[in-house]
């Protein structure tokens, strides 16, 4: 069985990690379907890393179609304990400019409830804590990694996750700004929630591509603009990830690693055997 302790999930513009040594393509299947694509597993800075393009190679999956449960479940099967998410985002703040990197510390859900957002269903219920959606340890590493890579980087801010795939209206953008949010994207949820349920530490490297549609001196966001900025910064994203991987202590502990300890409220005797089998890689230690 292939394994890795660190995972990287690449968003728009980051479809490969050419710095991986001895890369192997690994296809996995899960009880929740197939992941977005094959994993590329190799060595980076002396560590085993599993990379997955969130939208699939060729960008085939829109944000609502990304199989987040299959993706996170597969990372868990590989033994991943630390997951770095790289995402393209729009900025809702003047000082978070296109080309900058941001390490958000909060998240706000404005998806429409059409994306499956939990592993715990069909006879088992769990309520994980999610007050701090991003792992502080990994977020701090990403901050220092971005600085080491020479990026203009900002620490903190709330990332709003919208359903998409259309961009915001001006009214939506202005409302998000009035609420004090900093960034807007389409893919961090339910990914971050599922990572917490899978007891995987998770943090986001948000790469700003545009000012959404609120800025009076900038054109409204377009897909062409997003890809143009991402293409200009893909090497920077890869360098930040490389620096981050080098700093991660593979034996680190995070509150996320015990997120299910008091979260499963269904008594083991009442959980169907098929559900226990399906969730064994995620929660089996709590009812074995």
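For all residues, glycine too, the Cβ spot is worked out from N, Cα and C.
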Additional site residue, 158, 169, 187 [criterion: listed by Swiss-Prot with 12, 54, 55, 87, 88 for phosphate]: 187
Rounded distance in angstrom between the Cα atoms of residue 12 (phosphate binding site) and residue 210 (substrate binding site): 13
Cβ-Cβ neighbours of residue 55 (phosphate binding site) (radius 10 Å): 21
Conformational class of residue 211 (substrate binding site) under the three-state DSSP mapping: coil
Intrachain C-beta neighbours of residue 212 (substrate binding site), sequence separation six or more, cut-off 8 angstroms: 90, 91, 92, 167, 168, 173, 176, 184, 220, 221
Largest inter-residue Cα distance among 186, 210, 211, 212 [record-listed substrate binders, Å]: 15
For residue 223 (site 'Important for substrate specificity'), the three-state class that DSSP assigns: helix
